[in-house]
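J.: Below are the structure tokens for one structure; questions will follow.
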Amino acid sequence: MSFVIAAPDVVAAAAGDLSRVGSALAQANAAAAGPTLSVLAPAVDEVSTALAALFGDHAATYQAFSAEAAAFHDQFVRTLQASASAYAITDVTSAGQQLLNAINAPTLALLGRPLIGNGADGAPGTGQNGGDGGLLIGNGGNGGSGGTVSVNSRTRGLPGGNGGSAGLIGNGGRGGIGGAGGDSGAGGNGGNGGLLFGHGGAGGPGGLAANIGGPGGNGGAGGLLFGNGGAGGAGAIASAFSGNGGNGGAAGMIGDGGPGGAGGVGSHWGGNGGVGGAAGLIGNGGLGGAGGFASNRAGLGADGGAGGLLFGDGGDGGHGGTSNAGTAGAGGHGGSARGLFGGGGDGGAGGTSYLDPYRGGNWDKFGGDGGNGGAAGVFGSGGTGGAGGDGVARGGAGGHGGAGGRLLGNGGDGGHGGAGGVGEILKPADGENTDKFGGAGGNGGAAGLLGNGGAGGAGGVGGAGSNGPARGGDGGHGGTGGQLLGNGGDGGHGGAGATRDISLPAPGENTDKFGGAGGDGGAAGLLGNGGAGGAGGSGLTRGGDGGAGGSGGSFAGNAGGGGAGGIATEGVAGAGGTGGSAGGWFGQGGAGGAGGDIRASKIVPTSAGRGGDGGAGGMLAGSGGAGGQGGTSNGGTGGNGGDGGHARGLFGDGGNGGYGGFGRSQGRGGDGGNAGLLIGNGGNGGWGAAGTNSVAGGRGGDGGDAGILFGFGGNGGDGGLSGGLAGGGEGGTGGRGAAIGAPGAPGADG
């Protein structure tokens with residue numbers, strides 16, 4: 001056998017010699033070009049001229065051949081130079097590989113693992129695990145895919161292989177996909193990142209299945225010092241029960257947690273999402289995986305991962321899965337911020353349940369509840385609650401807002417409730433759930449030491465134009481303000497109920513169509529104002545009551561006003577919410593909310609809402625809040641005005657009474673509140689509503705009493721004016737005056 005030996009330096013030297021030869025030939029050809037291309041004729045006769053032209057043509061042909069030869073020569077030299085470089089690189093690589101083999105030999109012999117190098121990938125279709133990377137430097141190999149069997153078989157597909165782990169520096173390998181089958185295999189777990197640096201590998205997805213789908217693999221952990229956690233694998237798609245998503249991997253000291261995998265899509269049950277991975281010392285928590293879609297019961301959204309122990313936000317919760325013929329999945333909760341600085345993650349939104357006219361399904365077509373917002377750390381704001389999902393039957397409840405930072409931060413807002421269904425086009429079947437309720441709004445999160453409470457979420461709308469009960473959801477309550485300083489959060493508005501029936505109800509059928517109640521305003525801490533109450537929702541048969549105002553700070557602060565009562569088309573309108581009281585020594589009481597109106601004019605008895613009473617003033621100084629105005633009724637009883645709040649301390653004026661509302665029977669004016677014990681004026685009474693030709697005017701409210709030393713009594717409210725034969729209303733009495741002051745004047749009769 002013969003051998004060829006090539007020395008790179010010799011080949012390079014030969015290429016240099018050939019290059020110099022080419023340069024010499026080019027110079028010689030250039031020198032010969034001038035004399036040979038332009039040969040002068042020795043005489044002027046035709047023969048001499050022809051000979052000169054012949055020599056010139058030969059010279060031009062020679063120059064053309066010389067140019068082609070020079071080009072070939074240059075290409076040959078370049079090829080020879082490239083060959084020399086290739087031989088040199090091969091020698092270096094061979095020497096490097098020999099050196100690397102020598103370095104890896106001891107660890108391979110002792111531990112079966114190289115010191116430097118990437119792990120081998122698992123073979124496809126075997127579910128073989130990926131090899132681990134080098135102990136010093138190297139990435140883990142990817143796991144092999146699982147073996148596949150027929151989807152018509154009852155045999156389960158093989159699971160995917162796990163990704164290999166890195167050593168000191170490197171990334172973990174990906175997990176392999178699970179094998180398909182009647183029941184599919186699980187996805188492989190991702191490999192862990194290096195102990196010093198490196199990201200965790202992603203988990204493999206579950207395989208396709210006809211019956212039960214395999215779960216996705218979990219993400220690998222990030223490097224101990226630096227590295228993000230790997231993402232969880234998606235759950236398998238299946239005809240019956242789909243797979244859950246894999247959990248996200250935890251991060252190292254510095255890095256973000258991996259996101260959880262999404263739940264698989266299923267015809268019957270959707271898979272749940274995977275939980276987001278937690279951060280280490282500095283970093284954000286991973287996102288929770290979304291729930292999978294399903295025709296019957298959709299998958300749940302997963303919780304977000306916790307934030308870092310020093311810095312970092314919690315991960316957002318995953319959204320709940322959607323269902324087209326059943327119950328939607330709830331959203332996942334937001335992750336908490338465990339450290340010094342960081343906000344809580346937002347809650348995931350609840351899934352939507354909608355009606356597919358071509359499918360059956362169960363009758364509990366509920367929207368998913370929203371997830372709660374995560375709590376903040378020492379400094380930071382709480383996460384927002386997830387919105388409730390809309391439902392054919394009932395809407396999902398909104399998630400509660402997360403708590404604010406323990407030292408500084410606002411509470412998170414509550415999520416809005418989901419809307420109830422739009423009602424039936426045809427009469428519902430026997431046993432069908434015909435409730436069309438909007439979901440309740442979530443409560444606002446409380447603040448810590450310093451900060452404002454979160455606002456309550458609005459209630460969801462009840463089914464518009466539906467038979468059967470269709471109520472709006474209640475609004476969420478506002479969160480409490482900071483213990484030292486901060487305002488309470490406002491209450492959420494109540495959701496509107498249905499305002500009509502699409503057909504005449506059957507005898508004995510429940511036709512409640514109520515508006516949701518407004519949420520109460522949150523109380524303040526030591527110093528701060530109370531939150532306002534939410535307005536009540538409108539409804540066909542009953543309007544929702546307004547929420548009460550939150551109390552002021554326990555030392556000083558004004559109270560929140562009450563929310564307005566909801567409007568009713570017929571029946572009973574909502575009452576206005578009571579104004580909050582000043583909780584401490586100094587502050588004004590909150591005003592009462594206005595009563596709701598009745599919009600329709602019907603023979604059936606209707607009643608407008610009463611105005612809310614005003615709240616009391618501070619325990620040392622502060623005026624009472626004004627009473628709310630009574631609602632108006634077209635053809636029914638007008639609402640009475642709310643009473644003014646008392647100034648319960650030593651100094652302050654009483655609140656004025658609210659006006660009475662107009663109706664077939666007129667509303668009475670509210671009484672004025674009493675003044676402070678020593679100094680202050682009494683509140684004026686509210687006016688009664690004016691009468692009609694057949695209905696007398698409403699009575700005026702009485703004036704409040706003044707303080708003992710200084711102040712005037714409140715004037716009585718005027719009675720409602722006469723509209724004809726029925727006469728006017730009686731005026732209210734004036735309040736008692738102080739030692740230095742005067743009593744209030746009585747109200748005029750209408």
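Placement of Cβ uses the backbone N, Cα and C atoms for every residue, glycine included.
Automatic prediction, not curation, is the source of TrEMBL annotations.
Feature annotation from TrEMBL assigns domain 'PE' to 4-93. Among the features that TrEMBL reports, region 'Disordered' is placed at 146-165, 407-438, 466-517, 603-650, 720-750. Feature annotation from TrEMBL assigns compositional bias 'Gly residues' to 407-423, 466-497, 609-644, 720-738. The compositional bias 'Low complexity' feature in TrEMBL is assigned to 739-750.
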J.: Taking helix as H, G and I and strand as E and B in DSSP, count the residues of the compositional bias 'Gly residues' (609-644) in helix, strand and coil.
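T.: Secondary-structure breakdown of the compositional bias 'Gly residues' (609-644): 0 helix, 3 strand, 33 coil.
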J.: Quickly jot the same-chain residues contacting the compositional bias 'Gly residues' (466-497) by Cβ under 8 Å, restricted to those at least six beyond its ends, or write none.
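T.: The answer is 388, 395, 397-398, 400-401, 404, 410-414, 416-424, 427-428, 434-460, 503, 505, 509-542, 544, 547, 550-551, 553, 557, 560, 563, 566, 574.
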J.: Could you put numbers on the helix, strand and coil content of the compositional bias 'Gly residues' (407-423), residue by residue per DSSP?
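T.: Secondary-structure breakdown of the compositional bias 'Gly residues' (407-423): 0 helix, 1 strand, 16 coil.
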J.: I'd like to know the mean pLDDT over the domain 'PE' (4-93).
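T.: Its mean pLDDT is 64.
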J.: Going by DSSP, how much of the region 'Disordered' (146-165) is helix, how much is strand and how much is coil, in residues?
T.: 0 helix, 1 strand, 19 coil
